[in-house]
Each structure stands twice: as C-alpha cells, then as structure tokens.
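Peer 1: Pasting in a structure now, in structure tokens, and then I'll have a few things to ask.
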Amino acid sequence: MDTLCSLSGLDPLWDWNVTWYTPHPDLTQCFQHTVLVWFPCFYLWVCAPFYCLYLRFYDNGRISLSSLCCAKTGLGLCLASFGFLEMVYLLVERRRDIEHHIVFLLSPIIRSLTMILAVLMIHLERLRGFRSSIFLFLFWTLAVICSLVPLRANIQAIIDEGFSADAMRFVAFFTFFSLQLAQLILSCFADQRPATLKPVYVKNPCPVQDASFLSKVLFWWYGRLVVKGYRSPLKAEDLWSLREEDTSEKIICDLEKEWAKQWAKMQQQESALNGAQALGYKLSEQTQLLRKLHKEQSSGFCLLRTLAKNFGPYFLTGTLCLVIQDAFMFSIPQVLSLLLGFVRDEDAPLWKGYLFAFLMFLLSCLQSLFNHQYMYTCFTVGMRVKTAVMGLVYRKSLVINSAARRTCTVGEIVNLVSADTQKLMDFVVYFNAVWVAPIEIALCLFFLWQRLGPSALAGIATVILIFPLNGFIAKMRSKLQEVQMKYMDGRIKLMNEILSGIKILKFYAWENAFRERVLGYREKELKALKKSQVLYSISIASFNSSTFLIAFAMFGVYVLIDEKHVLDAQKVFVSMALINILKAPLSQLPFAMSTTMQAVVSLKRLGKFLCQDELKLDSVERAPYHPDVDGVVIDNGTFSWSKDNTPCLRRINVKVQRGSLVAVVGHVGSGKSSLLSAMLGEMEKKSGHVTVSGSVAYVPQQAWIQNATLKGNILFGRERKDSWYQKVLEACALLPDLEILPARDATEIGEKGLNLSGGQKQRVSLARSVYRKADIYLLDDPLSAVDAHVGQHIFEKVIGPNGVLKNKTRILVTHGLSFLPQADLILVMEDGEITEMGSYAELLSRKNAFADFVKAFSVSERKESATHRGTRKSVSRLSMTDFSIDLSQEQLISGDMGGASIQTMEAISDTEQEQDQEEVGRLTQADKAHTGRVKLEMYVEYFRTIGLAFIIPIIFLYAFQQAASLSYNYWLSLWADDPVVNGTQVDTDLKLGVFGALGFAQGIAIFGTTVAISLGGIIASRHLHLDLLNNVLHSPMSFFESTPSGNLLNRFSKEIDAIDCMIPDGLKMMLGYVFKLLEVCIIVLMATPFAGVIILPLTLLYAFIQSFYVATSCQLRRLESVSRSPIYTHFNETVQGAGVIRAFGEQSRFILLANSRVDHNQTSYFPRFVATRWLAVNLEFLGNLLVLAAAILSVMGRATLSPGIVGLAVSHSLQVRNFSRKPLLDKTIRQLLRKFASQVTGILSWIVRAWTDVENNIVSVERVNEYAETPKEAPWTVEDSPLPSDWPRTGSIGFQEYGLQYRRGLDWALKEISLSVNEREKVGIVGRTGAGKSSLALGIFRILEAAKGKIFIDGINIVEIGLHELRSRITIIPQDPVLFSGSLRMNLDPFDGYTDEEVWRALELAHLKNFVSGLPDKLNHECSEGGENLSLGQRQLVCLARALLRKTKILVLDEATAAVDLETDNLIQSTIRTQFEDCTVLTIAHRLNTIMDYTRVIVMDRGHITEMDSPSNLISQRGETIKLVQKISPIHLLRLPESFHHRTYLKSIYWLLNQEKHKAQDEEVLPVIAVLLEQASTFSPVLQKRCASAFSC
C-alpha cells in the first residue's frame, strides 16, 4: 500500500507522529484516499452476497415505486456519476502521467461501482418488501463517518488557503458529502407498505410495523402513545392492534403442531413401558413412583423443547445483542484506564482526553441501545410464550378425560395460566444471565489479574465461596416455591368453590368456617414465602456486598504480600470499575438461578397438565346421517370413568332406531347419566363398539349456562332464524319468562345462570339443544327441575310424539313415570347394566324389576333396605356442579338491598326508557380500570398495614447502610491519593482494617433492610388479603350476581401475587436509589451550595419525565389487569361446560373466543413493557450526555483534580445499574458538577424506573381495595344481642305487611304479606313460576332485606339480630345440592360442632349410612370439587343429612326434591315427616303430592297470597289450587301419603278420572286406577262406587 501511495506522490499509509504523538492529530493523505474511501465499499461488497441470500428467504410482497425510493435511487446515481466524472477528469487531465495517479483513479472507480451496487440493493429490498434497511443504513453511516476526516481537512484548507485556491475540488467534495449525508438521512425512514399487505384492514395498527430501523432501535415509534397518555387517560380503544406474529392464532397454530409431535413421542415411550409391564414385569411401588416423577419431569422438558424450537431463533437475535452489549461494557474500563493515564500525564495533549471522553460516551450509548434491544426481544418472546402456554392449556382443558379432570380443578387451571405463565415470562428475561454471568465474571477476573497479578486469586476465591452458598439457597428456595405454589393452588381452588357456592354458605352461615380454611392455606403459603424471602435476603446481601468483599480480599492480599505494592488511583479505580461490572452478573445470577428454578417447577406443572390423558376419539364412531341407519348403536359395551377404575357400565347392548323416543330409568347411581356419557365419548371404553350416526345435541342433568344474553345461550354460536327461534321459545315454555325480563332475550344471564331459577336454567339448556336441529338428542333428565305442568308442556311440545323433535332420535333419562307410556323403548338400568328393555306395556306384562318399581310406588310405606344397592361411587356428570338455588323469576332483575350502583338495574325513568336494550339487560359489571395517577390513599393504606414498628427501623437501616457505604468509598479514595514514600504507603494495615469494618457494616445493613422490607411486605399482603376476603364474604348476593368470578379470582391470584412479591422488590430498589440520591445531594450541598443550581433543574427535568411516563404506564397496567379477568372467567366457564361444548362440537368457536380474550390482554401488555424500554433509552441517553459533559469538564480541569477523585467519580458513573458513593469534599466547582452529573443522572434514571414499577404494582393494592367500597350485608352478629341460646324454641313465624323488592324502583316481588305460621305447622307454598315462592325463603333468611313490613320468629323481629344468629338457627334444604372439596364430614359439619356419633346418626336417618360405611375412608372420604364423585341423588341426601344434623325448629325446603328420582324423593319426604315432626316446615313445592298432607297450603300469584287453607278445603273450594291439582299427572297420585284425608283423596281421583285429556292415555291411567281402587276398598264405599263407575267408562 505504501508503494502504491508513493507512486501517486503521497506519504506512507500510517505515521504515528502525524496521527498520535502530536498536539494536532491528522490522518495521512494516503490513508484518507485509500482506507477511508475503500472501507465502506469493502463492507458493502463483502456483505452483499450474504444479504442477498437472506433476502431470498424474506418475501413480504413487492413495494411499489415510491417517492422515497425514487429519491434514494436518484441520489445513488448522482453519487455514482460523481465518481465517473472524477475518473474521466483524471483520464483527460492526467493522461500523460496517469501511472502517478493510480490511487486517485482507483478510488472513484470503486466508489462509483459501490454506489451502483447500493442502488441495486435498494431495489432488491423493494422487490422483497423490505421497508427499512439496517444493512444500507450502516453503509451510509460508515461512508459519512469516513468522510468526516476529509471534510475537516477541506475546511482547514479553506481556512488556510482560501476557497478560491481550489474551488472546483471544494465544491465537488462538499456536494458529494451532502449527497451522502442526504442518503443517510433518507435511510432513516421506512418505505410504504408492500402492495400485498394493503388490502388487510387493521384497526389502529401497531406503529412498529411502519417504523424505520432507527426508530425501532431508539423506540421513537412509541412516543405518540406516551404523549396521548399524558394528555388524557388511555382507554382500551386507544391501544394498537397486535402484530400478526404476536396473535394467538399465529403463535398457537405453529406451536400446537410441534407439541403434538413431542406428545406423540412421549405416548410411544409410555406405551413401550406399559407393554413391558403387560408381559409380566411387575413394577414395585417405588419404581412406579419414580416413573411418574420422570414422566412429569420429561413432560416439562418436552414443553421447554417445544417452546425453544418455536421461539428460539428470535430469542437468539436478542442473545446476540446481549453479547455485543457485553463487548462494549468490557471496553469501557479499558478506555477509563486510558483516561486516568491521560490525567496522570501532564504532558499529554488535551485532544486525547476529549477523545477518551467521547469514546466512553459512544460506548455507553451503544451498550445502552444493545441492552434495551435485548430486553425488548426477551419481553416480546415472554409475551409470546405466555400466549402459547395459555392456548395449549385452554385447548387441553377441552379434551382431557374425566379422570384427569377430577385431578385438575378449575382453581389449579386458573393458577397455571396466571402464576405459572408469569414464571415462564420471567425465565425468558433472565435465562441468559445463567450462562452469560459466569462468562462476565471470568472476564472481569481475567482483567483484574492483569492489574493486580496473583492477588486477583483472592477475588476468585471470594466468588467461589459466594456461588455455592447461593446455589444452596436457590435450591432451598425452589423447594419452598413448590410448597408455596401448592398452597396457593389450594387457596385459589377453594376460593373458586366459595364463589360458586356462595349462596349455600350464606344460607348455612358457613362463611366463617370457609374463611378459616382459606386463611389456613394463606398462612401456610406466607410461611413458605417468609422462609424464601429470608434466604433471598441472605443471597441479596452476599451479592450486594460482593463488590466490597472482592475488593477487600484483592486489595488486602495485594498490599499484605509485598509492602512495595502500592494502591494508586489507576490500580484502585480501574479495578473498582471492573468490580462494578462484576457486581451486575453477581447480583443477577441469584435472581436468574431462582427464576430458572421457579420456571422448572412451573414447566413440570404445565407439562404434567398438558400430558394428562385425553378423551379417545375412537371411543365413538361418528357416522354421517342416514335415514335408514340406527341413530345410536352400542354393541357389548363396557365403560369406566378412567382406565384404572372398575367398569361402571357393563354388557351394554343398545340399538336406538332413527326417530324413536327411548327412555332410560333406574335408581340413583344406576348408571343412567353414564350411559349418555358413553354415547358422547366421555367415558373410557374398555370393550365393545359405539356408533353414533348424525349430529348430536345434549342437555346435561345440571344445566350449564354461559355468562351471556339469554339469546346467546340459546343460539350458542348459530345464526338466528326468527321463525324457528320463536317456535323453540314457545315449545320450551320460555315466552312467559321473556315478559318479565328487563330486556327480554337480550337480558344478560349471570355466571352459572345465577339469576335464573333451576327450572329456567333447564329450559334454556333444552332450548339450546332444540334450536340446534340435531339428528340425535341426549336428554339427561331435563324435566325434573321444572314444575309438573311445565314438564307436561315441554314433553308434549318438544320431546313427545307430537313435539317439535318428533322425527328426531331422542334418548331421555327420566325419573317421571308419567312419560314412559309414550316411549318407543324403555331401558331399565341397575348397577351399571341394562336389566330390562322394551315398551311400557311389555315391561309391565313381564312383571320383573320395572313392574315392581311401578308397584313399589303404589304403597305409601317404603322399606329403607332399598335405599342403596352398593357402595360404588357414581359420577353422574363431568362438568362442575351448578351451585344456584332455584329462585323465582324476579331474581332476573335482582340487585342489592341498598341500591348500589349496578347500572341499568335501577328503575328506568322516562328519559332512560329509550336506552339500548342491551344496556337494559346487562347484569354483570365488566372489570373497570381506574384512570389517572394512583391516589395517595393507596400508598397510605399499604404502609399503614405494615405499621410504624417496621417502617422506622427500615429507614434507620437504609440511612446506616448509606453512611457505611459512603465512608468506605471515601476511605478508599483517601487511600488511593496517599503519597508514596520510599516506594511504600504508610499504615496500610490500619487502612485495610477500617476499610473492612465499614464494608462489613454495610453488608449487615443490606441484609437488615432486605429482610425488613420483605417481612413488612408479607405483613401488608396478609392484611390486604384478609380485608379482601372479609369484604367479599360480607357482600350481598347481588354483588356475586353482578361480578364475574374471573374478576374476583384475578384479585385473589394475580393481584395478591403482585402484592406478595413485586411491591416489596420494587420498594427495595426505589428506597435504595432514593437514599443514594440523598447521600449525593447532601454531600455536594455541604461542599458548595452552588451545586444546588444544577440539582434543582435536573431534579425537575427527571420529575417531569417521570410524570410524563407514569401517566401512561400506570394506565396500561390497569388496562392489562382489567383485560386479564375475562380470560380467567372464560377459562372457568369453559372447564365447567367442556362436556356440553364437546357434545355440540363447538370447540373451535370457544378456542377463537379464548384467543380473542388473550389477544385483548396482550394489546395492553405489549405497550406496557415497551414503555419501560422507551423510558430507559431516553433517560440513559440524557444521562450519557451529562456524563460526557462531566468527563469533558474533568479533562479541562485536570490541573486541579487528583487521579483518585477522577477515578472514583468516572468509574462509578460508568455502571448505571450499580452506583457507588462519592468522596466528601471536592476541590473545585467543576469537579462537583462533573461528579454530580456523572452519578446523579444514573441514580435519577433508576429512581424514575423504580418508582414507576412501584406505582404500576401499587395498582394491585388499588384493585384489591376496590371491594371495600361496595355495599355490604348487615352485621353477622350483634353485640349485646338479647337472643336466647335456645332460640327459636317454638318455631312460630309471623309476617306483618311484609313487602320485598329486588331493587328500588322495580315491581314488588312480595306485596303486603301478612301471615302467621304456628309452631310445628307444616305449610306448603305453591304457585306458578314468578309467583314469589322463593322470595319468601329469601326474606326469612334475609338474603334480601325487607322493603317494608317485618318478619317475626318466636316474637323476635329478625332485623334486630345478626345474620349468622338468624341463619344458623334455621335450616334450608336447597334445590341444587352443593358439596365442596374436602372430607364428607367437613361438608356436613364445617365447624366440627357435632360428635361422630351425631354425624353417623344423621347419615343413617338420611339413608346414607350404608353407603358411607362402605367407603374406604368413611367420614374422611374426600369429595371432589363440586362433589362430582357422588351422584346427584347422593348429594341431595347429604344436604338432608346437614339439615338432620342441625335439627333447628324451622326447616325450609326450596323445591329440594325436584331433581331427584321418585325413590330418593320418597326417602326424603318420609324422613322429613318423621324427623321434623316437632318442627315448623315450609315447603316450596313442584310436586303437589309432597305437600298434600300438610297443615296448610299457601297459593301465591304475583307476590300476593291468593289462597291459604288446608289442602282438602282448597280442593273443595275449586279455586286456584284445583287448577294446580289438575296439572298432577295420575302417576303422582300413587305417591300421596295415607295420612291425607281419604275423602278428599278420592274426590281428587274422581275428578281426574273424568278429565277428558286423561281418557286418551289409557296405557298410563289404567294400571294406576287399578291400584287406587284397590286401596279405596277399605273406606268410603259410596265414593268407591262412583270411582269404579268412572273407571268403567
């Protein structure tokens, strides 16, 4: 190169005397004309082939020719033409001695060809849809930077020689430079969208898609949202739509295929192991346990492998940024060493100092940019992992089989998608620290070895000692986290059950018992958390003190092994800069290890769930509809609920003809519902063959109702067809219900149908299936929950031979014998087998079990021995128990008693009547986000719960920690400036001892502050959780009807988790930085008050940025929290209704719904984490500018500054994450400004970020505290209550002009009720749906408070006593039997107030003793969630046992036997008659035969009592009651008790015999009448003759 340059008459390529050892540095002319010109060209030519290869695989459509592209092309061609013109000029002007101008000729040729290549690359990018090019941006940046030296030289030449000396050359160069600069500016902008992307309309698209490369790097694209959020609180509609690559559909589509492959491999491995076992290799229990653990672990790693395969490539780009960031980070101390050498060398030219200062600034900026690109990538991957895992869990919940479903409760599944996904997101962010941190530590120690020699080994030894300690702590914390998550799962599961069964808790006054259970879980959870936090504090203290410990060890060994070893400023502060770098990986490593351990636990939990057994698709063969093929065929089928259980259905052989009606009957637990489940493919098929031809519609035994409008529940995703829709409503008897709904069919139905009665829920469930127009209908006892006359209507209009389904295949499980004569085929089931099969007449003629069954109900006395035929557990359905109690229709518009603000539920004024129908019908309140900054009251509330006893020591410990830190840093700076006498420093032992004492004092203080804040956070969390729990349990029923359970579960899971961990962590960080700032400010102000001129504006600037940013960040945090609740609600609802969703084949629609809710949540999460990056980049850039200014001031004032002070300040300013302290006094104001700027900017940056994190997380306190303001019930207990301990003694009840409204302004549910019920009186309450029957029960229990009038029990006004005092002294047996997970004994007696003997006695009277005695654990038998491992009838008997155990003087039966079979009903009625003989009994009845022997019957209509007398008198008066009696099916007359007045009995029979509609049903009536007349022969011969005469007709 020198030869080439010399030929062209230029100096050599490089000359140190020209470049470095001179006060006026420059580059040689040869270097300027070769390297500076050729280097950018070399970059482009070398990288272009690889870039073209990349573009080959990147095809995003074609961008049409835009003005930006034309401008770039034009400028590029101009630049190329300049080179060619220069070449032509040289050839013309210098043609004679051209060999002496080779360099000048080569450079324009290379430059021109490169510009043409750049233009080609511009158009290649355009054709591949590449909108902003980092490749060309770097090229133009290099070109401009390389032109800066010639630019300076030309400017200097103009100054020295004048412009006219070589005007043409100057003009050509400046034009060329301007064109290059213009190209660089244009490359900062993004081109228009490719043509293929334009047609897709996205509302409010994310601006990052249109952002240029530079905008993405600096996060400028985010600025508009910050400004918008500052001007006014952000709303959900202000947020951007998700990018396509971030949507659930895109992410899960790719991931699901990969996971399916991994799961198939695991299944093959398991099959191979099972095959080996089947060959005769019997495994020990220990081996089986090890296999189970291995499966869980391998499933977790399989999930990790799947996630890595899908998200790994993008994550690796972030990792590359991290590696580059580390390279810049390690370069900075080397530059610092050069800067300190410059300060020490008085003869060094000033330009070197400025160069080092600018180089440090540049390296700091690049480090910051690459660091935040890495963090952005990590958070993006974390967001996608969260979406992916949620999608996998949701899809899995739709396909797991019943055995797996019982082991995975709703609470646990919600915990998987809340807590465990968060752990995986944290893992993504901190995973790289696990392997990068050790490399960083090794590099730091290597550079320290270069400075201090073998003394660095002492630092290595210190690190080696710290690591095992923290490894042990991480392992311990991992185990504690497993324990904590276990108890958290239990708590969330229990809370889910409490929210589902809240009505039962209130009726039984069991809130305190379940509150204690929740708090028991919570205490165990906090105990594990406390241990974990103490261990974490030890870890934090050791790592935060690691800087001092390493420095103490190395400096101590260095000065002690040789007295000639001197600690000067360069050694001390370059070493301290390296140790400060070392501090980052040392502090990150424990957190990274802890996060990794937690992620491993979460991966195992997720993997375990995702590897649960699924329903087998081949259990049922799905065939297309064909009119000549049987609808359902089961050939020799054997089924069980899990592959390990014994079969519960055996030898099933059924052929259901197309279009026939098949009835399935049998005792409780005989397998009726299981048979339908087998047809649906919900059971494990052991053997046989099942074929279902055509589409299926399913009505479960307990209706599953969505939190949607009534119309939405019926349509269930189908298009509305008005004529068919109206026909379905009429057939399912829903038209009268629409009349009283606030918005007719647009009325919102609460979760699990909370605001519908049991009958209404069943009719909506039936309407859903009828609307479907399926080929096969599986109806699991849909008529039991409705009134007898409604049941008759539905049978005639829907199910029966003349109903809308008359041509469909119908399989009906029923307990109603009246419908059997019209069935084409009857299946009689007993103990899981079909014992008989045939038509009604055929079965009666055979005189087998079925005939005996019918006959058994013709006599009034029953044998208790027939109660149960075995101890086998029967699971009647898979979905969760529906926990609502049959309330009347007024409840559809119910609200709280105090008139709280459930919008749209208030009385509708004239001006409001025009409001949207949807608004009128809304019941539930969406989770609403607060706006603006978090109120000061929230902070006060949080710190008040911690208490002054903790806050004062925390402040004292922080102050002590800062004082110790300041002292040892100041001591170190004095030591570094200590003069060297005869090659040594004096009193090194003393200096080392003081340094060590101060450092250890700081370490102890760090441990104290960390423990104190952690324990204070636990105290606050315990109080806030307790307050939340108390507020929720004290809320009235209207609160639960209008608040989705997802909102509440979100508070109890995610928000409490944030209060447990994130707020204390944020406070630790923020307080640490605040005290550091106070330390710096106080010292600087003590040194010179003039520094206040800088402190004030700088603080105001950062305060402004903080307020600007926090306004947006906090609102995004709220919106993210609000949008999270619907995810949990939807998950909850889906898991409970999975069986129905599968039966209707609606899985894909529900998956889309789940996707949309997750995506909606991510639209708030994405801008939230980008906001942090935007803030950090801007603040750190500002801080770097101030550090640059400070460094330049240091260079300018080096004559007055010691190397020790420069070293201390600059070395501690470099690590923005780790701030050291400052010496007490500076020598000049410039020195103060430099130090203050260098350190305070970093501290202020982190204070802004830490404060923002605290404010973002304090939103959790705000959300948890919301329910403190909602209306509450009356007090549970009243102090100094005059209530006698044995109240009520007699059980008399009095109503005085009692009136009830569900909300003020609505119609009266009960009007002017005046009624007196005497002691021991049995009163039946009847009436049509909506008459006010259940409202009476609600009034007695004060579930709703009286709007007027009073209720007296034993002469005491019930308003004057506490709710628990009232509810615990009276008893209700509800319509829907509710059981909670826990022991059977706990379900009977949660307070442990009764002895085992009393419990067994109650079970015996409830006909459950035989069943419970046969259970392995007896009273400790574990009930699953909702009592799913007991049949419905058994659950109803458990409710009866509860009432028998309490044995209060007043018993209310709220249609308690509507959903059970005849046998169970008869058992319950006979027990009530005998055991509650001396009690007052109020029965709300569906089946009139249950109350025909009562003292009185009350007939209600529209809130009034229309009739009230004995049953016989009411019938004889032929009023409203006779109309109800007309609805009694003849078969029910068989069940009328003997104690009923015989004459009235026969009158009713006589009247019924003369009803024309029953004459047509001879098959049904004749066997009944034969039995009745046989009974009538013993009394009233006259009536018997008249009956016989009617019979003969």
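Glycine residues also receive a Cβ, built from the backbone N, Cα and C atoms like all the rest.
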Peer 1: To which of the residue ranges 314-333, 374-393 does TrEMBL assign the term transmembrane segment?
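Peer 2: Based on what TrEMBL states, transmembrane segment spans 314-333.
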Peer 1: What parts of the chain pack near the transmembrane segment (314-333), using Cβ distances under 8 Å and only residues at least 6 beyond its ends?
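Peer 2: Residues 308, 360, 363-364, 366-367, 370-371, 373-374, 376-378, 380-381, 428, 432, 436, 439-440, 443, 447, 574, 577-578, 581, 1211, 1214 contact the transmembrane segment (314-333) from elsewhere in the chain.
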Peer 1: Grab the same-chain neighbours of the transmembrane segment (942-960) for me: Cβ-Cβ under 8 Å, and only residues 6 or more beyond its ends, written as numbers and ranges.
Peer 2: 1001, 1005, 1008-1009, 1012-1013, 1015-1017, 1019-1020, 1023-1024, 1063, 1071-1072, 1075, 1258, 1261
Peer 1: Restricting to CB pairs under 8 Å, which listed stretch, 35-57, 102-122, 134-155, 534-561, is in contact most with the transmembrane segment (69-90)?
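Peer 2: Between the stretches 35-57, 102-122, 134-155, 534-561, 102-122 has the largest tally.
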Peer 1: For the transmembrane segment (134-155) and the transmembrane segment (102-122), decide whether they are in contact, meaning at least 3 CB pairs lie under 8 A, counting pairs 6 or more apart in sequence.
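Peer 2: Answer yes: the transmembrane segment (134-155) meets the transmembrane segment (102-122) with 3 or more Cβ pairs below 8 Å.
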Peer 1: Does the transmembrane segment (102-122) come close to the transmembrane segment (455-473), meaning at least 3 CB pairs under 8 Å for residues 6 or more apart?
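Peer 2: As far as Cβ distances go (cut-off 8 Å, pairs 6 or more apart), the transmembrane segment (455-473) and the transmembrane segment (102-122) do not touch.
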